[in-house]
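Each remark here refers to the structure printed beneath this line.
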Amino acid sequence: MSVNPKIIEMKEYPRDFAYHHHRINSESFEEDVEGEDRSYDCDEAKEPLLDLEGDKEEKKEQGCYKKLLKCLGFGRPKPDRHLHLNGVTEPATFVNNKIRNQKYHILTFVPIVLINQFKFFFNLFFLIIAVSQFVSFLRVGFLFTYVAPLVFVLLITMMKEAWDDIQRYRRDKEINEKQYEKLQENGEFGFTRSERIKVGDMIKVNQNERIPADMVLLYTTEHENSNIFIRTDQLDGETDWKLRKSIGFTQEFHQQEGNLMDMSESKIIAEPPSALIYNFKGKFCKDTDNDTEFDERLTLENTLWSNTVLASSGHIIGLVIYTGKETRAQMNSKNPNSKIGLLDLELNFLSKLLFVLMVLLAFTIVISNGFQSNWYIYLFRFVLLLSSIIPISLRVNLDMAKIYYSWGISRDDAIEGTIPRNSTIPEELGRIQYLLSDKTGTLTKNEMDFKKLATEFSTFTVDDIGDIRNIIEKNCREEDSPANDLYRTLYSYENESNVRDSMAPGTSNSIKRKKRRDLNYSIRDLVTALAVCHNVTPVLNNEGERELQASSPDEVALVKFVEILGYSLEKRDQREIVIKNKIDTIEEFEILECFPFSSDTKRMGIIVRYKKNGLILFFCKGAEVVMKDRVKPQQRSDLLEKCEILAMEGLRTLVIAQKVMSPNEYEVWNNEYKKALNDYDRGEILAEKVRNQLESNLECLGVTGVEDKLQDDVEKTIGSLRGAGIQIWMLTGDKVETATCISISTGLKSRSQPHFFMKEIDNLNEVEYRLKELERNVENSCFMIDGSTLDVCMSNKKTEETFFDIACRAPVVCVCRCSPTQKALITQKVRKYTGKRVACVGDGGNDVGMILESNVGIGIVGKEGKQASLAGDFSINQFSFLKRLILWHGRLSYKRSALLSQFVIHRGLIISVMQAVFSLVFYYVSIPIYNGYLMLGYATVYTSMPVFSIVLDKDTGVQQALDYPPLYKTLQKGRSLSLKTFLIWVWKSIFQGGFIMFCCIALFNDSFANLVTITFSALIIVELLNVYSVVNRFNWKMAVASLLTLAIYIVTIYTFREYFNTSYIDGTFLWKIFALTVASWLPLHSFKVIYECIDPPEQKKILSGRADQ
């Protein structure tokens, strides 16, 4: 089962990025916010930012609720799990492993569906209408007339829900019945179904098999390094393989002695179930006579979460620690808040007006007849007769139309790979006024090109790569070890004893130098650091070709860059790294400790021992904001200057540093570190403090500057979207200087617009002053603000309102150093303060928050995975697809839906007007003019095909829509569906319905049966002609739908003779129908044609104006 990031409930965005939607992989060397800038310091949002609107009140309510539950004995924290390897567990019972994603049970299906449907007012209204027909004195026609439409709508809904639930059942059944091998007490494996797996079981999983439950890795057939790779794309959407390692003791025991069940004295302690897929706290204990003989702390690297897939060859054995609903995957599977389109809200309002109109019309008839006895019964009967005013089929027609629009989007070859994941809001693409965009992987390709390497001595560019190679080659021939100058200083005969005695953890640095190092040594050390400090592993793919696997494409890019310089990665496992240097000499490094990159630390470190001479090196790389305080004080100003220069050129920066350690220094530090790790409750906090001692007074080796290529046609796409009246905001984690360059290169900022900067402001008064200064020229400014200044703006309610009032008037806004929480909050506030439709586009897990908060979320399938793509309402492959998706499909969907919905309203209103006229003329009689079958046929076979063919209408061609973006701007005013257009359609219905009835009664003195046949036939033909009048381009498909409908009607006239007086059909009959049809349709059609000649629609003005130019 795939866990869609979209289904995470986003009421609050956790500070520690608890859900994977806000959290970049902890193994990925990527920046906190979006992997955009190594030098980004993602300042955590201040406390007011952590709570979205209304959260404080909600938290108070939740707090009281939790206290009440606690008093009653509920809600107490769950204890740790003690899982003995012989199968004994504490506690003894846990939830089963059966997966059930169905929404309904057999017994609850009908009641739940009906409850969900009748909570809508108009469905409930029609239910009351249908039930009233069982009361004899309220009955106004055939019961079938009122029951059938409601039943039809409900049946379609129930069939759809049933089909979806059956599909879920089949998927669940396939997963639950999958066979896995379970380790028995006798040491043999026996098969068991996935749903029968229990906590404490030892399960064998083979290559390319799904992990059936959350497990701790005990054993792998990869004996050489005890490491395996898993694919997590079905869990977190990330496509890169993740490295996992087995418990050292169990791995060795199973290799030597065989049966893991014999380790009865050993157990695993696991924390209670949690939704945090990037965190795990546990411990492996081997006890003898209640004395702990061996402890090993367990982390995320020892786990295999459910729904991941084993990518490595061979098989593994894992101990199940969580099952069923307590697995990480299931705990993150929550229903999303459904999005409602603006058009649906507008139609809901218009439907309420129709209800008021129906009641007023019925009341008018009663008043005209005078308040007779039991007048309220007559009022209710007239309401029943006029109930067609409210179109029960409107939702069905719109839902079918939306499915058709979504199908058209997915079938468009020009935007191949586009997936509409939410088929309920395609028309929202036609109402967008704000587009909030991520940068890395969205506006850029997330493909890194090396541009510059800045060292203490000089700066190298791409053109100088040959010089770098020569420097490295020269040093490799002269020295047989990296940092050999430092090695000689450290181990020189005279100073050896003094240096070793003076070493202590946390000291400034092991090496005291009086002058700068030679360039050759520092360059080689820098390249060695890049070749060693990473989590990249070379593997062979299915074709036997070498490829690099890592949790981040940035890591792979850096290793490939090092290979260009002459250093190749030959091997990397849990214990050692082997590289081949520029002169083809093998350099082997033993891995002593590794500190993976995380969103919190924004850096990665590794301690290695060079095997040839025993030199211990600590390499560290990370963002400038965290590294500047860890390098030597005398290097900090130079480091900041170089980073700023590179950022101003639009480059992403990465700081590289190192430290040489003596064996004694390392041993003392390592003892403290291991002691900290073994603290089960506070291990991470204590270990971080010890690590910080190590990361002091580092030697800065240099700064790399890489360029992230822009995506294809980004500038053209942004230009078109701005021409369409869409304001674009760029929300990025980059430095302000980098974002400034990107705003120019992507065309966000025009040449005539100056930049207006607000950065690093921590004073509220200064913020208010700067906002007033911006307001003077806000309509012509590119507004640049950083995350810390935004925090200050949001700290005060009045300042917040002022900020968004001014910022939303700027043509371009770039928010730099922006955290995922801030992205989501900005999206929410723009929606709140503007009331406009906001779309968000991004490619990473850190963009999911804003995608879910937007009216329309668009996810791009990125290099890092599919988190945003799965969360979005629409998934695209590149940013340039937005142009066609919005300007063509969005515009077309909205215009078609607006016209279709109003025509369906008109279809019900016109026949109700005819009923009202009939009742008024024939002495206020409360009987239907048309019987039930005619009414049912009118809304279905007689008009449904021509009316639904409106979804095939086009007012312009696709190329014109793309070439003339202002065509889209006309939709943003909502003129296609407004109160004005609604009243025009009401007037049309009153005119045509009233004209047909009055003229037929006044001019043709016919019997009731003839009256029904004449008026109903004229009504059908008028509706067919109305379709021709309202569409912009009448095509052959519409013609076929109309002619087929007319043919069906003619056939039914002769088939159902009890409803039509066929003996009356002659030349006179046809003349009367022709006269009524022409008289009721032609005036309106002629007026429309003449009016459009005098005052053409806006799209025609735009197209003709451009043509004249």
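Glycine residues also receive a Cβ, built from the backbone N, Cα and C atoms like all the rest.
Because the structure is a prediction, the values reported are computed rather than measured.
TrEMBL lists ASP438 with the feature active site, 4-aspartylphosphate intermediate. Positions annotated as Mg(2+) binding site by TrEMBL: ASP438, THR440, ASP843, ASP847. The ATP binding site annotation in TrEMBL covers ASP438, LYS439, THR440, GLU555, PHE597, LYS621, ARG652, THR732, GLY733, ASP734, ARG817, LYS823, ASN846, ASP847. Taken from TrEMBL, the feature domain 'P-type ATPase N-terminal' applies to 91-140. The domain 'P-type ATPase C-terminal' annotation in TrEMBL covers 870-1090. Residues or ranges marked as transmembrane segment in TrEMBL: 106-131, 137-158, 349-369, 375-394, 904-926, 932-952, 982-1004, 1010-1031, 1038-1057, 1069-1091.
Note: the Cα of THR440 (Mg(2+) binding site) and the Cα of PHE597 (ATP binding site) are spaced 18 Å from each other. Sequence-distant contacts of the transmembrane segment (375-394) (same chain, six or more residues past either end, CB-CB distance under 8 Å): 122-123, 125-126, 129, 132-133, 137-138, 140-141, 146, 149-150, 153, 347, 351, 354-355, 357-359, 361-363, 365-366, 369, 901, 904-905, 907-909, 911-912, 915-916, 919, 924, 926-928, 935, 939, 944. Here ASP847 (Mg(2+) binding site) is positioned 19 angstrom away from ARG652 (ATP binding site), judged by their C-alpha atoms. Of ASP438, ASP843, ASP847, all annotated as recorded positions, the residue with the shortest Cα distance to ARG817 (ATP binding site) is ASP438. Of ASP438, ASP843, ASP847, all annotated as recorded positions, the residue with the shortest Cα distance to GLY733 (ATP binding site) is ASP438. Only ASP843, ASP847, of the binding-site residues PHE597, ASP843, ASP847, have a C-alpha within 10 angstroms of the C-alpha of ASP438 (active site, 4-aspartylphosphate intermediate).
Its Cβ taken as reference, ASP843 (Mg(2+) binding site) is surrounded by 33 other Cβ atoms within 10 Å in the chains shown.
Within 10 Å of the C-beta atom of ASN846 (ATP binding site) sit 34 other C-beta atoms, taking all shown protein chains into account. Sorting the domain 'P-type ATPase N-terminal' (91-140) by DSSP state (H, G, I as helix; E, B as strand; all else coil) yields 25 helix, 0 strand, 25 coil.
Within the model, the domain 'P-type ATPase N-terminal' (91-140) carries an average pLDDT of 82.
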